[in-house]
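Copied over from TrEMBL, here are the features:
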- 7-400: domain 'Amino acid transporter transmembrane' (DOMAIN)
- 12-30: transmembrane segment (TRANSMEM)
- 36-59: transmembrane segment (TRANSMEM)
- 85-107: transmembrane segment (TRANSMEM)
- 127-146: transmembrane segment (TRANSMEM)
- 153-174: transmembrane segment (TRANSMEM)
- 194-213: transmembrane segment (TRANSMEM)
- 234-256: transmembrane segment (TRANSMEM)
- 276-301: transmembrane segment (TRANSMEM)
- 321-341: transmembrane segment (TRANSMEM)
- 347-368: transmembrane segment (TRANSMEM)
- 380-404: transmembrane segment (TRANSMEM)
Amino acid sequence: FLVSFSDSWFQAGFVLTTGINSVFVLGYSGTIMVPLGWVGGVVGLLLATAISLYANMLVAKLHEFDGKRHIRYRELAGQIYGREAYYITWALQYVNLFMINIGYLILGGSALKAFYVLFNEEHTLKLPHFIAIEGVVCILFAISTPHLSSLRIWLGCSTVLSLIYIIVACVLATNDGLNAPPRDYTIHWTSTTSRIFSTIGASANLVFAFNTGMLPEIQATVRQPAVKNMLKALYFQFSVGVVPMYAVTFIGYWAYGSSTPTYLLNGASGPLWVKASANMSAFLQSVIALHIFASPAYEYLDTKFGITGSALELKNIAFRILARGSYLTISTLVSAMLPFLGDFESLTGALSTFPLTFILANHMFLVAKKNKLSSLQQSWHWLNVGFFALMSVAATVAGIRLIIVDSSEYHIFADV
């Protein structure tokens, strides 16, 4: 894990902003706005933006805790709580990254399917087939890109690809909305139980949209003063950075209402070449983004098995084929079996985003700064810990239930 301590706050803010506006933005109209509606969706996104900024500011302020810089989230937790917390945080982070990778595989497969449907009327291939193709491409990319530093030009490509599908999605949805009859924005529930669990699941999607659980790792690259510079990066992320995501999410829901698809471009009409370029851009960006979020797992495996020397050595290539191929094969199989994007976003938010970004951030700040906090400030942080703990439990139950319900309705390897 290489640390430069030399990046500007703007570069860190750009990395964070790119993460917010990854291919996941094409799913938020369907996974957040449809189950919550205009009032719940807009208010929920604004609240999620505010509380996410606040929680990330707490973590950023702890970066130089106890006289040293902590370059990993788990090391910070271990310094504050002890060795057990190190391993618990490590586990939460890797669950978070695994679930994010599942989402990228589903979205990449959806983008590739949408591209295929434009040119093939028979629709012989189904979504699981395209998720499998996405998995194979990701494996080839992982084998040929041994380290994060190897990405280089690919990061620039990722930004260009993001701009393509965001601009195309906004333009096509706006055109559809202007030319469409009045839309139905009613929230459709089959029962009160369904309404409760769908709302809780969507609330987990809200926090998933803004958080990666990797803030200390990103802050580790920022030059001194690290805390002030990281706070500037966060202000940039949660102001300028959220505008494209808001635009895609709100325009998509405005254009298609309650019938907004989980993958926004599936509902858009327009010139074939424009839609094809947007879908292909989304597919390619998902491959690059998945590699970034899978890299901590790759680096852990490389370190554990003592992989050193040139990346082109035969034994190192063989190891990448075996280790990374196995990891991505398992991820692809889960994605193809249960291709329910919104459900996995909910479960990711419940299992890792709530604990890492909200519960842990508030409690770590409470423990680290307890002698400097007033009784009112301490009560505020304890209230946050309790509230988000309850939300985490409720959202976990809701996420698992949603996957079970969808699995029973659509069967595994569904073409959704």
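Placed from the backbone N, Cα and C atoms, the Cβ positions cover glycine too.
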Within the same chain, where does the transmembrane segment (36-59) have neighbours whose Cβ lies under 8 angstroms from its own Cβ atoms, ignoring anything closer than 6 residues to its ends? I mean 6 or more beyond.
73, 76, 185-187, 199, 202-203, 206-207, 209-211, 215-216, 231, 234-235, 238, 242, 246, 249-250, 253, 357-358, 361-362, 364-365
Quick test of the contact rule: Cβ under 8 Å, at least six residues beyond the ends. What residues does that give for the transmembrane segment (194-213)?
19-20, 24, 28, 31-32, 35-36, 40, 44-45, 47-49, 51-52, 55-56, 73, 92-93, 96-97, 100, 187, 238, 242, 245, 293, 342-343, 345-350, 352-354, 356-358, 391, 394-395, 397-399, 401-402
Between the transmembrane segment (380-404) and the stretches 12-30, 85-107, 153-174, 321-341, work out which stretch tops the count of Cβ pairs under 8 Å.
321-341
Going through 85-107, 127-146, 153-174, 276-301 one by one, which has the most CB pairs that fall under 8 Å from the transmembrane segment (347-368)?
85-107
Where among 85-107, 127-146, 234-256 do we find the most Cβ pairs under 8 Å to the transmembrane segment (276-301)?
85-107
Any chance the transmembrane segment (153-174) and the transmembrane segment (85-107) have 3 or more Cβ pairs under 8 A, given the pairs are 6 or more apart in sequence?
no
Are the transmembrane segment (127-146) and the transmembrane segment (12-30) close enough to be called in contact, which here means at least 3 C-beta pairs under 8 A that are separated by 6 or more residues?
no
